[in-house]
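TrEMBL has this to say about the protein:
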{"type": "DOMAIN", "residues": "D:27-492", "note": "domain 'Cytochrome oxidase subunit I profile'"}
{"type": "TRANSMEM", "residues": "D:25-46", "note": "transmembrane segment"}
{"type": "TRANSMEM", "residues": "D:66-89", "note": "transmembrane segment"}
{"type": "TRANSMEM", "residues": "D:101-126", "note": "transmembrane segment"}
{"type": "TRANSMEM", "residues": "D:189-211", "note": "transmembrane segment"}
{"type": "TRANSMEM", "residues": "D:231-254", "note": "transmembrane segment"}
{"type": "TRANSMEM", "residues": "D:266-286", "note": "transmembrane segment"}
{"type": "TRANSMEM", "residues": "D:306-327", "note": "transmembrane segment"}
{"type": "TRANSMEM", "residues": "D:348-368", "note": "transmembrane segment"}
{"type": "TRANSMEM", "residues": "D:388-408", "note": "transmembrane segment"}
{"type": "TRANSMEM", "residues": "D:420-440", "note": "transmembrane segment"}
{"type": "TRANSMEM", "residues": "D:474-496", "note": "transmembrane segment"}
{"type": "TRANSMEM", "residues": "D:529-550", "note": "transmembrane segment"}
Amino acid sequence: MNRTSKAGILVGSGMLFVIVWEIRSALGLLVGIDTNPQLYMLLTLAIVGLTAFALAIGLIGVTPETPADEDTS
Amino acid sequence: MSGENTVREIGHDEFDPYGTLALILIYFAILSVMWVFMYFVEFLGNDLTVLA
Amino acid sequence: MNIHNYEKLWLVLAMVMIIGFISTVVYGATAVGIEMVNDEGGTIDSTALEEDDRFAEPRVERVGDNEYEAYVVARQFIFEPDPIEIPANSTLTFYVTSPDVIHGFEVVGTNANAMVIPGEVTELTVELNEPGEYGILCNEYCGGGHHTMEGKLIVQPEDEFEQGGNDE
Amino acid sequence: MSEQLESGAPTFLDDYPKEAAVVKAALWSSFIALALGAVFGVIQALHRTNILRLIDSTDYYTVLTAHGVLMVVSFTIFFLVGLFTWATVRSFDRGVESIRYTWTWYGLMVAGTLMAVVAILGGFVPQTDISADVLFTFYAPMQAHPLFYGGLTIFVIGTWLAGADWFWSWRAWKAENPDERIPLQAFMVLTTMLMWYIATIGIAIAVVVFLLPWSLGIFDQINPLLTRTLFWFWGHPVVYFWLMPAYLLWYTVLPTISGGRLFSDPLARGVFVLFLLLSTPVGIHHQYVDPGIAEGFKVIAMTNTMFLLLPSLLTAFTVVASVEHGARQRGGTGLFGWLRALPWRDPAFTGMMLAGLMFAAGGFSGMINAGMNINYLIHNTIWVPGHFHLTVGTAVALTFMAATYWLWPQLTNRRLFSRPIALAQVVIWFVGMGLMSNAMHVMGLFGVPRRTAEPQYEGFEFVTSFGSITELRLQLAIGGTLLFISTVLFVSNIALSAGAPKLSGLGKPLSEPLSGAHDSPEILDNLKLWFGIAFVLVVLAYSLPLASIISRGGVLGPGVDPVPMIIEPLGATLEPLVASLQPLLGRLAAVVGGVGA
């Protein structure tokens, strides 16, 4: 099964959220497109949520050959 | 010397960090584009240029 | 010394970028003609502004055809004169000083942005083409009422300015 | 009493129990400052965005002063001295020369901090004449209570003595190992401290020669441009003083926890030498729009600043390459696929990587700040705090927190209370800062000022090119709240770890660099040479501007009177000063004596 670890989903979702939301500022400043904030936030959450869900059920993403997680502390 | 999860040892001479190179070239491109945008559009395109 | 080729490549690119940044700034300073606030405004006794020709009475003065000078005092927590009124299509030189603490002088949303330091005179020249109104705010913390320190710059249409009349 | 782990190495606590106690004390001082700073931080985030105003707007500046001083002086520098003590002892593999001396400098730093904090928090108590609402930059002629300047002085003296402690260890080690290269971590500690000794000349002169006697009423005029320039003489290199411990961790700890080895030891040394050389002769770039400084000096500062980008850009490559090495050793493949093979479940690893990612973004806004004329666009707007919340507020702070997750078990022989909470904590910080600093940068471009309780004016409104100021304020407030939650999670996780059972064998040895010290030219280790060059560069960059400022306005100012940020005049100042010093000195004596005994 191609499953991504819970930790990977959490970290990836955090990064994806920030990146997608920052794109709104980039669109506004660079291209001058004024997106609706509520709509854009909903869109961001939807993208992040769907990606996380897809990762969780193994629709997308593959685990590396070795387990990526171990205890280091 | 390496962690428990090492599946292979890679020495200095056999290691080409091409992934790093790719990432850093992307960073370089972003920085260049953003700089040009910030300087020429946001700054020089802004009102009230200070002349003296 | 064992430096990987990719690392050398990045070193070169980083240097190119740094030189590119410096070149852009030099281009702005020379070709576009953007000057930095500098030491040409001179010094002043900040405890005796009322004895100074320029700052005893903060005002806007016409010094040429389309040239004006504004003598501005930034003090806790006001700008004088307020508003600063000027006709469109003119060149305006701000002379700003402070009798108390360090202030900021920012024409909101524009590049006219400088520090005001007691004992020094900040000199800043800008071109004002279109009629309109700008806010002025203090952007350096100057005491408990800092957030109330604001002023206004009004660029009037040329014909209206003559009628509205200034102190002359 | 302790359960033996099967394949564990001894920890720092096992090998150096006395030093581990100092390191722990320093880190706790750091975390207490962080927790307090975070409380003040969230109050500001909610206040200036007009979401929730718990305090009077005048008190906002007391809160802001406390936030600034606690975060960038106490939190960062206490962490630094703890980490550097660990790094020096670990990499020389020898204890400190005198533990009593080590506790002395720590005690001085604590005493200095308490004095400054008492002076600042006095601003909330109208009954006292103690107050220091002068912000972290304490620009004269705004005047704080002498306790504030005195506290800063004692704190800085503490850091000087701390540096001397590490040089002392170096001398002792060198006598026994005359032909060996300085271990990498110790090299980083020593070059950073040399930079600090040069940088603190500025603040020492500003505070000891001018501000402290002036606040005591010994003279009543001051040259504000001079003290301001001296402040920035120190004020820029201090950001590298915050950053260098993070770099030390990225270079020496991050490769190991990613499963790899540092790509290049010589390059790491070269980077620290560059920081020693270039960190100080750049401070005038904070004064690009100041009157009284000729444009030529500003151009010099800009050129130096731009070249100061180089060591950071090199670091980006070397550190990422080291992490890639780890990923590939763990079986990662592909152009980007290796990123998936990294230990993202490890909060220490993830925290440092997210910190590094934010630093890349903060690097960009820093480049804009460094560009001389483009500075008009963003000078003193909220863009600037947006920038440094990415650098010191994330690259440094998040790396420190992440490193604590790795280091703390080795200092206490106890596991972390909860690794999942730790992982969530670093991700929450990342998301919170993403929102907050994004909003700050964007608002800065629209002209919204920094350092103000109520950025809402009567005569005009800010014009936005997209979105609205209301939305950006909300974004800032949500981000700030997430950061506060993240801090609470961090501090409580560490505090609760005290309840975990004692284990042995939690030690984590560090991996050796791929290209080791033997590859780097001997000259890199010639600290006297680099110190000399750095000093000459500072003299070249600063002698003329300072001479010009003094010849224009005089040493004691072109007629500028003090403006005390104090309710009562300074007449009866000395008495409360002495009175407030006594318990502190007593406590210091108790700390030093109690621990030394």
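Placed from the backbone N, Cα and C atoms, the Cβ positions cover glycine too.
Between the transmembrane segment (D:189-211) and the transmembrane segment (D:420-440) there are fewer than 3 Cβ pairs closer than 8 Å, counting only pairs 6 or more residues apart in sequence, which means the two stretches are not in contact.
Distant neighbours of the transmembrane segment (D:306-327): 247, 250-251, 254-255, 258-264, 267-268, 270-272, 274-275, 278-279, 282, 338-339, 341-342, 353, 356, 359-360, 363, 366-367, 370, 514; these residues of the same chain sit at least 6 beyond its ends, with a Cβ under 8 Å from one of its Cβ atoms.
The listed stretches are D:25-46, D:101-126, D:388-408, D:529-550; of these, D:25-46 has the most Cβ pairs under 8 Å to the transmembrane segment (D:474-496). Between the transmembrane segment (D:25-46) and the stretches D:66-89, D:101-126, D:266-286, D:420-440, D:529-550, it is D:66-89 that has the most C-beta pairs under 8 angstroms. Each residue in the domain 'Cytochrome oxidase subunit I profile' (D:27-492) has a pLDDT score, and their mean in this model is 96. Residues 191, 194-195, 198, 223, 225-226, 229, 233, 273, 276-278, 280-282, 284, 292-294, 297, 300-301, 304, 523 of the same chain lie 6+ residues outside the transmembrane segment (D:529-550) yet bring a C-beta within less than 8 angstroms of a C-beta in it. Sequence-remote contacts of a segment are chain residues at least 6 beyond its ends whose Cβ falls under 8 Å from one of its Cβ atoms, and for the transmembrane segment (D:420-440) they are 45, 345-347, 350-351, 354, 357-358, 361-362, 382-383, 385-387, 389-390, 393-394, 397-398, 401-402, 405, 472-473, 475-476, 478-483, 485-486, 489-490, 493.
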